[in-house]
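Participant: Once you've had a glance at the structure underneath, I'll fire off some questions.
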Amino acid sequence: MAGIAAKLAKDREAAEGLGSHERAVKYLNQDYAALRDECLEAGALFQDPSFPALPSSLGFKELGPYSSKTRGIEWKRPTEICDNPQFITGGATRTDICQGALDKKAAAAGGDSMQGHKAKNGPRKELEYDFKSFYTLLTPITSCHEALLRKYGGDCWLLAAIASLTLNEEILARVVPLDQSFQENYAGIFHFQFWQYGEWVEVVVDDRLPTKDGELLFVHSAEGSEFWSALLEKAYAKINGCYEALSGGATTEGFEDFTGGIAEWYELRKAPPNLFRIIQKALQKGSLLGCSIDITSAADSEAITFQKLVKGHAYSVTGAEEVESRGSLQKLIRIRNPWGEVEWTGQWNDNCPNWNTVDPEVRETLTRQHEDGEFWMSFNDFLRHYSRLEICNLTPDTLTSDTYKKWKLTKMDGNWRRGSTAGGCRNYPNTFWMNPQYLIKLEEEDEDQEDGESGCTFLVGLIQKHRRRQRKMGEDMHTIGFGIYEVPEELTGQTNIHLSKKFFLTTRARERSDTFINLREVLNRFKLPPGEYIVVPSTFEPNKDGDFCIRVFSEKKADYQVVDDEIEANIDEIDISEDDIDDGFRRLFTQLAGEDAEISAFELQTILRRVLAKRQDIKSDGFSIETCKIMVDMLDSDGSGKLGLKEFYILWTKIQKYQKIYREIDVDRSGTMNSYEMRKALEEAGFKMPCQLHQVIVARFADDDLIIDFDNFVRCLIRLETLFRIFKQLDPENTGMIQLDLISVSQQPPSPDS
């Protein structure tokens, strides 16, 4: 329950503004101003104990302590690297971001192998055949080189995102506070802000940077004396666990963490007819754009084409203009290679004669702003040679100008927990319905119906949290996706009903993510009629633990709510006197109880072990003494610590009911209960609870194989019944709410299993 309390506290703080850019969360509770002042007063330079200048901060495998790549590495402060280090000189520019010594060597050797892939082989053919009449199964694809699956070797994806960041001073100032320097109030400490899953986080670092043979190992500026980009990368490595955790990623990931925006992908072989205009508008709005060329094999990674484009490499899109040439308009795209060393040699390159056909003033305007590695190419060549375009749409709070129409933003947090709410995709119909469910209510249609089709435009982005940080523990990205289901008319307006297995067996998804993929985020744009819709996020396979957030960007305001069962308990009250108990049961009790005519917890354990030993349909070694004590404690009305005739009769009746439920829920006749069957079993016993409490129950009562044996099943039901009875006693007016002070809490009888 501590986790639930922590979430309530965090929600309360968020409602008060914590996590906004103005009140960023302090990562690891490190306060930049306090730490800086402390160092200045002591006359010492800051050394960050949470991200030390040690091999553990570099990596765990390729950059691990015993890797040849990390031999001879020295951590140096900028004051030890050059004579006059600067944080930023003349504003941040795209040339401040160059690959370091290690990344250049990796690129020259062919780069990292591509890691992104779609969902692998799905379920057995029999399952696909049995259920295809009810819905279209998700199609797992084994190819790992499709356009939507791109991950980039090394950290060039991050370089491209940082390069695009420099194009917008306002956004840059959010991420990189500019009032930092190596002169005034220098204490060897710097700070940066990143968006992390719905909140802004301030990260503090010292300025010790890894070097090899006198060169920075990772990002550096072109002239070698500016260090904002290297320190920014270090802060980003810290929040993700280490430098190696940054290897391989999508540019959109960096875009989003620097802006809080939401990123779209366009496959250029299927480009919409208005894509050039989309790019122009995006650049005018300060959106961040990146593009890449697919590879067809691992050997292709970082390969250079005959026209000097690098496959599998992340580029920035920095301009889109129309120019008149030979009497017709030519659409041109400006692109930057973060390497800064390999440039396009095709039409409209720097030395192309085509520029002589353009008005000299226009030519001068477009070419004088060139940076190293930046080049123009025709839009048609762009579509022909590149595979994918990524656009990061900015959040309403980022776009300060009123000249643009802003997205409406909705965010919902959730998690998948093995055995309770990690149900997998629709290929697993027995567990899919257990996934978290979210209601989106679309009420207003778009104002501008450009395509002639009315409806509500919205983007849904599903992000899995903290997966890079877990790479040290051998974890990586899950394969994730989502489905969108139209709420049936009879259920509209209701938010307290978690949709059942039957609903999903008989209802086809109205929309869904294009694919299940092992990237941090899955995102798609949709247009649907006004109405109520359920979004169901899931991992491809069940039983994958993970936290996530869902963001919805809509042109008009969209209401949202978690769809879940309300807490409810319908407990059978057994009203019976001793006179109503039949003679057969009396004789049984006398035989079992002995001379004192009462049954203790130890005697109860022996009795129930003998009873269960005769059952072939329930696998059980009997009840633990703890469970027996719980049962006695619940029914012991006179405080004797034992059960009399009436009390034992009530308990016996309950156990028979529990046996019946356990046997009926055990559909595979295994004699045990799977944790996913627990939700249905609790409903049969009269209890309804939201997903978060189901997670707590499974974590407490299921074993490592997600099996809940009969002992733990009974213990759970007895404990729930006890808690609800206590609550009812403290809430005689049935208000659904009680208030307890510390004295009241201490007076409640302790649970034997709490």
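Cβ coordinates come from backbone N, Cα and C, glycine included.
Pulled the feature table from TrEMBL, pasting it below:
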type: ACT_SITE; residues: CYS156; note: active site
type: ACT_SITE; residues: HIS313; note: active site
type: ACT_SITE; residues: ASN337; note: active site
type: DOMAIN; residues: 45-395; note: domain 'Calpain catalytic'
type: DOMAIN; residues: 653-688; note: domain 'EF-hand'
Participant: What parts of the chain pack near the domain 'EF-hand' (653-688), using Cβ distances under 8 Å and only residues at least 6 beyond its ends?
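Facilitator: Apart from its flanks, the domain 'EF-hand' (653-688) reaches 419-420, 423, 430-431, 434, 565-572, 574, 608, 615-619, 694, 697-698, 701-702, 706-710, 713-714, 716-717, 720.
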Participant: What does DSSP assign ASN337 (active site), in three states?
Facilitator: coil
Participant: Could you break down the residues of the domain 'EF-hand' (653-688) into DSSP helix, strand and coil, giving a count for each?
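Facilitator: Final tally across the stretch: 23 helix, 4 strand, 9 coil.
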Participant: Considering every residue in the domain 'EF-hand' (653-688), what is the mean pLDDT value?
Facilitator: 89
Participant: Around the C-beta of ASN337 (active site), how many further C-beta atoms are within 10 angstroms, looking at every protein chain?
Facilitator: 24
Participant: In Å, rounded, how far does the Cα of ASN337 (active site) sit from the Cα of HIS313 (active site)?
Facilitator: 8
Participant: Quick one: pull the CA-CA distance for CYS156 (active site) versus HIS313 (active site), whole Å only.
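Facilitator: That separation, Cα to Cα, works out to 7 Å.
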Participant: If you count Cβ atoms within 10 Å of the Cβ of HIS313 (active site), leaving out that atom itself, what do you get?
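Facilitator: I count 27 other Cβ atoms within 10 Å of it.
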Participant: Give the number of CB atoms, excluding that of CYS156 (active site) itself, located within 10 Å of its CB.
Facilitator: 28
